Amino acid sequence: MPQYQLEVAIVLAVSAACSLTVFLLSRSEEGKVHLPSEIEEELERDPFDVTKPEDFVDGTPVNGEDFWHTMWLRKLAVSVLLVAIVMIQCACLGWVIIEDEGTNIVVHTLHIAFALYTLAVAARSVGQQDGDHATSMIHLSALPFVASALLFTTAILPSTRLVDITSYEPSSVPLGLWYATLALYIASLVLAATTPCGPPLHFPPEQIYSDKIIAKMTNRYEDNVCGITGASVWDTLLFSYTTKVVMLGNTAESLEIGDLPIVPANMRATTLFKNMRGAVRRYHLRVRSWRPRPGSGWELGYRIFRVNTRDVTIVVLLATIVAGLFYTPHYFLQRVVRYLEMDPERKDRGWGWAYCCGLFFANAITQLISGQLWSLSTTTLQVSFKVQLNSILYAKTLVRKDIASSSGPAPEESAAENGAAASANAESGVSEAKDEDDFSSKAQIMTLMTTDVDRVSEFAWHLFTLFDSPVELIIGTIFLYSLLGVSCFIGLAVTCLFLPLNHFASKIVVSAQDNLMKARDERVSLMNEILGGIRMLKFMAWERSFEARVMKVRAKELKYQRLNYHIEVIFNAIWGASPIVVALVSFWHFAVVRGQVLTPSIAFTSISVFNELKFALNALPETFINILQSMVSLRRIEKYLHGAEVATVEPLSRQSQAIALQNATITWPQDRIRGASATSSAASTPKQKFVLLDLSIDFPVGELSLVCGKLGSGKSLLLLALLGEADVLAGQLTCPRSPPDAIASFAGKVVPEDEWVVQGVCAYVPQSAWLRNASIRENILFDLPYIEERYQKTLEVCALVSDFKILEDGDMSEIGERGVNLSGGQKARVSLARAVYSRASVLLMDDVLSAVDAHTAHHLYNECLKGDLMRGRTVILVSHHVQLCAPGASYIVALDNGRVAFQGDRDTFRSSGVLNTLVQSGAADTSDEQEETAVADVEDLLPEKESSDTGGHSSETTSTAAASEPEAKPEQRKAPRKLIEEETRAVGRISTDIWTTYINACGGYMYWSMFGVALLLAAISPVAENGWLRIWTGSALESAEPRPPSFYISIYAAITGAGVILQTIRWVVIYHGGIHASTVLYKRLLEGVLFANIRFHDTVSRGRLLNRFGKDFEGVDSNLPDNFGRSVAYTLSAATTFVTITYIGGFPFLLAAVIFGSLYYSVGKVYGQTSRDMRRLDSVTRSPLYSIYGETIAGVTVLRAFGASTKFMRDMLRCVDTNTNPYYWMWGVNRWLSARFNLLSSAVVGVTAFVCILTPGISASLAGMALAFSSTILNDLLFLVRRFVGLEQSMVAVERIKEFSELPREPPEFVEPRPPASWPEKGAIECESLVIRYAPDLPDVLHNLNFTIAPGEKIGVLGRTGSGKSTLALSFFRFVEPVEGRILVDGLDIAAMGLTDLRSKLTIIPQDPTILSGTLRSTLDVFSEYEDAELYEALRRVHLIPASDVPSEDPATVNANVFRDLDSPVSEGGDNFSTGEKQLLCMARAILKRSKVLVMDEATASVDYATDELIGKTIRQEFAESTILTIAHRLRTVIDYDRVMLLEQGRIAELDKPAVLLADSSSKFHGLCKATGKSEFAMLKKLAGVP
């Protein structure tokens, strides 16, 4: 029997005892589980708790019966094997008792005890299922493993003793029995380790994915839950449960999300969110009396760790074990080389073989355990961190005060919050010196949810370094001491000199990183604005100037990126140099000072240990930098989480139904946690802030109330205050509010009509509609059940029926992002329909009538606001249509500059003087009670015009995607068209042209030749270093006359020094190319997108474009050069290694190299394909997540008003699940590869050692060199595949960028010969048989239009939805090109000139006013071309500031006029101005431009009538010489024009002087005018000069 049996037996007994302890501990744990019941109670009332019971289940077993039957058989088999072992051991025991061998009796008794214990575990497991079964299988794998490993080790040890440590007593037991025991243990190990721990599971995908994704699934299979839940021990160690995904990725053309297995319950978003939310309430960081400062990031960090305690603990334990194991391979390496020194003749190879096995197993086991460590860190912890942070951030957004919109940039057309408070001026949030963390801009909030969360979650990788590096350093030092003695301390002392350098560098890194983030934020915000206002940019031909503006910011960003790279190069140089310097100093002290002989076993082992220590030392500073960066992000996140919240909503039963204000003073929401006390007075609010002073209003319940007032008098602010969105500084305000889970609680419940309206639930219609990117029906239903009758009724009263006839897919048409493909009026009416259909009893409507024409306004007012569906509901309407609405309102409030000018019933209102200030002159004729008869006539007269909202109207709004098809309405329903196309992702390998694109972007031939030389030299340097070491160490053993050590050491120093310099040069070259490529590619993408035709912008969501400009470019800037350089470097390094080893070892090595090479290649190829797909999926699924963030941030007021927060929370968690899945599998596949590569690589090292021992011709120094190289190939090949795949994944970003850089462009900017500089001089327009259609496959929109307009003529364009008014406007700017016919301006054909020339000479004032952030001055005068005086003059002309020399206001006045100060800030999208004010600013901009041809599209729709009239006068004065085309709803606007043109279905129905048409009672224009009511009709006649 082999030696050491007593020690083996003792170890076995101890391991059995450990196993028993673990069992007992886990039993006591199970008893304790049910404690947190009181906490559960407290959490139950949380409306944001969106978890359902099924969220906590991994899945249901597939074929459970069969599975457990098989398991039963397997466990029985294991038990039988163990019974056999017990029998053999009993026989042996009997034998030694007879022979009376004292020690051996103890040995066999312990063996029997161990075997019996193991048998007991196995027997107990036979009947077990689920969790108990899994635990037993782990024990049953571990116990036989220990036994097999120990017995196998003693079996291969040679009989010649190396050390005498045992009281060895030869045994008389036949060896056969001993070997039989070993064989049985191995058999039971194999059986137990390959037994699954649980059955395959099925989880219904519809509970976790959206329908869209399920529809795309290509592979449906039953066991669709991640295999880790039931994987056997062996599968877990090798990650074989991922093989399915890897193979799927390799065989399928391309993967879809639905094809991937679903992650287990503990990794799903709902579970993670619930735990995190619980943690936020439960855990508070306190050390005695110390508490961290809110916003410092400490508490949030503590909570994250508390939630993930179990995983973090396991990671720390594994890290410590791995650190201990790291040096075992080096120990065996040293023994192998030492053996070769002692026995160069290879007389007794026994110990050689033993060490050889040791080397292989040490490598393999270390790698397997570290694989588990990485898997836990990357998949489990990283995904958990990411989801937990994202979900609580999102939950916070749903309750956070909406400060963003009262002060800064917005990722979506920031909806709903603009409010009519002119002066709700930004929290000077635009001034440059703002605190970077005030999150006043919506883009900043996006950055938080994307970049910052990623940064914190990446810390999970670095977590274990904190524990494994120190342990490694200690063990490594002890090991070196055993090799080099005192010299190693001299060497290590040198590393201490490098530490301050690190500290210094890490400081620079953090500041550079901070600056880089700020510059990136700035660029993304600017891009976001540009993409939001792209139509305006095109109308004004400003693309070039804005391109320059972006490139300037981009240059600043790349400056910091370059700085980052330079620091990195210096870092790399220091780190490359440190182990070399250490080795040099140690060897010098060892050989020169102490005069010892440096042998191969000492030199090569020390070098490999130094390199291992380099990793440990290297990792620490990197980890510290990462911790610092994560802390910065944690701080930002925590600061956001501490922001002010809106008041919590009581349950409906406890709310009062009254809507009243008592002495209330109200201002725009501010974040009051910063310093200001909650009860600040009006005086202490910043003077920029608009305030509603001292309001006492009591709105009647169940009636219609009207709120009116001039532009910017605070009407929208009043509504927001009722919704609980504004700050009440003094006094009281009561108004019911919808609970956050209102919509969620109504979902799927069909109730009788009379119970439909729920008291206390609110609905809100904002001034600029907030719509989701979904079908129109989904927007209106807003997740309520579809009730045919109510739905149809809603469509009728909201005048949407005829619009749906025009839209190709009716109410299933998809609304583009921010509603780009609907006209302004349609958007407003869909938004209104959502409120009407809702179950709300209180409806707050902000100016819903302004976006529609007179007809539709009547219809909406009479049928909708006063109709059946509104009976018994409280309606508070803000409107300029005082004449229309006042007669039917029970209560009227008039505001004036923040104070109540009037409140009371309609009769008092009529007699007060307030009315006259709000309507047009001569219109306040009270006798006109809107006779119904008049309206009735008109409806007979114009059956079609019922909803004559000017449909395709605004230039800005009507997108080219709104294809109108009025005539043929096909009967059969097709599948609705997608407007926003699905995001595409390329399939298969990265194509060659993508590589060439990047390679050319880096630089030309010159650059690449430098690149090649630098990399080659750098790759050869390690060969030179090791080669010289071989000569030096060999000299001691082989040559008779070795030179003095100083000779060898100086040459060694020279070689290594040159190596470091070459490595550094290599990085400089690589990074230089990377920055160059970033610049080139960005410019291309920017040009491609800015000059893309407008149809592209209508069909591609902004989130997707921002994803290209943001995330994709971040990858190209910061990861691509690194991945590119390292891939090439590792390739060369691996190649040199193979060449070197083959050269040393001759033919056997070559053979091994070929075999291993092909294995590597096949594994790598399979991996590459799948990993690339995962990365693409990760990118694609990120867009919907960004979109839902964007939609929420933009529409948070609407969401809260309707009570849809919980519903959106659940949707967001669904998007998160969809996004984390490919990410989880991306890492899973990565681990799969590493596990296989590491085993292969361990084999390479083992085989190398084997060949060295086999071949007598290989000396110890050569073998040392070969082994040193073969152990580096481990890392090289693994990192090569990983980096190359990383590179391919980064190239996916280039692929996506390239796709958008080559979009179809608009016609050229300039065409020679260019029109004369003074063109157009007169402004004469001729339209010759113009035919226009939006796309070749769509019907014509304008049919054969012919008309001429004399210079200076003013033309009004009227017509109903879809009649082609806006298309006509668009065609002047060539947004749509004529199919036939042409437009001549001053005799020149506009189709023959460049777009810039054309667009810069004509002016349009669009309906959707687009304003960029900055100051008032930069808004009016984007390129600083005018004097201040001219700007003030323009503002006076549009009546934004009083006309003549009115004394300037006292600065202390509350609600001062902001337009007096040209430096007043403008927030993104101009959200701090009301829509009316923005329209006036656009008008002022046009006045400054003074072109000869002016197109006005609904330019004053959101302005009150009195101002509108003044503006009409201005236009006539200012543009007396110009030709004007005005598209209008208000007949007053165009009644005194030279001619009016009435369009019908793309043809001119009437074109004549208004007076002529009015005089003819059969004309359609006459019908339109008559519909406005008696007095107004009389007034129109009077204005038109008709008797």
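Placement of Cβ uses the backbone N, Cα and C atoms for every residue, glycine included.
The shown structure was predicted, so the numbers you read here are calculated from the model rather than taken from an experiment.
Going by TrEMBL, these are the annotated features:
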TRANSMEM  6-25  transmembrane segment
TRANSMEM  104-126  transmembrane segment
TRANSMEM  138-157  transmembrane segment
TRANSMEM  177-194  transmembrane segment
DOMAIN    314-629  domain 'ABC transmembrane type-1'
TRANSMEM  352-376  transmembrane segment
TRANSMEM  478-501  transmembrane segment
TRANSMEM  569-591  transmembrane segment
DOMAIN    673-922  domain 'ABC transporter'
REGION    921-980  region 'Disordered'
COMPBIAS  926-941  compositional bias 'Acidic residues'
COMPBIAS  949-965  compositional bias 'Low complexity'
COMPBIAS  966-980  compositional bias 'Basic and acidic residues'
DOMAIN    1013-1289  domain 'ABC transmembrane type-1'
TRANSMEM  1047-1069  transmembrane segment
TRANSMEM  1141-1163  transmembrane segment
TRANSMEM  1183-1202  transmembrane segment
TRANSMEM  1237-1256  transmembrane segment
TRANSMEM  1262-1281  transmembrane segment
DOMAIN    1325-1570  domain 'ABC transporter'
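Below 8 A, the CB atoms of the transmembrane segment (1237-1256) and the transmembrane segment (352-376) form 3+ pairs separated by six or more positions in the chain. With Cβ pairs under 8 Å as the measure, the transmembrane segment (352-376) is packed most heavily against 138-157, out of 104-126, 138-157, 478-501, 569-591, 1141-1163. Sequence-distant contacts of the transmembrane segment (138-157) (same chain, six or more residues past either end, CB-CB distance under 8 Å): 2-5, 8, 11-12, 15-16, 19, 22-23, 75, 78, 114, 117-118, 121-122, 125, 178-179, 181-182, 185-186, 188-189, 192-193, 195, 197, 233-234, 353-354, 357. With respect to Cβ pairs under 8 Å, the transmembrane segment (104-126) is most closely packed against 6-25, considering the stretches 6-25, 177-194, 569-591, 1047-1069. Among residues of the same chain six or more beyond the transmembrane segment (1262-1281), those with a C-beta under 8 A of the stretch's C-beta atoms are 329, 333, 336-337, 340, 363, 600-601, 603-604, 607-608, 611, 1022, 1026-1027, 1029-1030, 1033-1034, 1126-1127, 1130-1131, 1133-1134, 1137-1138, 1140-1141, 1144-1145, 1160, 1164, 1167-1168, 1233-1234, 1237-1238, 1241-1242, 1244-1245, 1248-1249, 1252. Beyond its flanks by at least six residues, the transmembrane segment (6-25) meets 103, 106-108, 110-111, 113-114, 117-118, 121, 135, 139, 142-143, 146-147, 150-151, 154, 166-167 of its own chain at Cβ-Cβ distances under 8 Å. Sequence-distant neighbours of the transmembrane segment (569-591) (same chain, 6+ residues past either end, Cβ-Cβ under 8 Å): 480, 484-488, 490-492, 494-495, 498, 501-502, 505, 597-598, 602-603, 606-607, 610-611, 613-614, 617-618, 621, 1045, 1048-1049, 1052-1053, 1056, 1059-1060, 1063-1064, 1067-1068, 1071. Scored by C-beta pairs under 8 angstroms, the domain 'ABC transmembrane type-1' (314-629) has its highest count with 1013-1289, from the stretches 673-922, 1013-1289, 1325-1570. Mean pLDDT for the domain 'ABC transporter' (673-922) in the predicted structure: 83.
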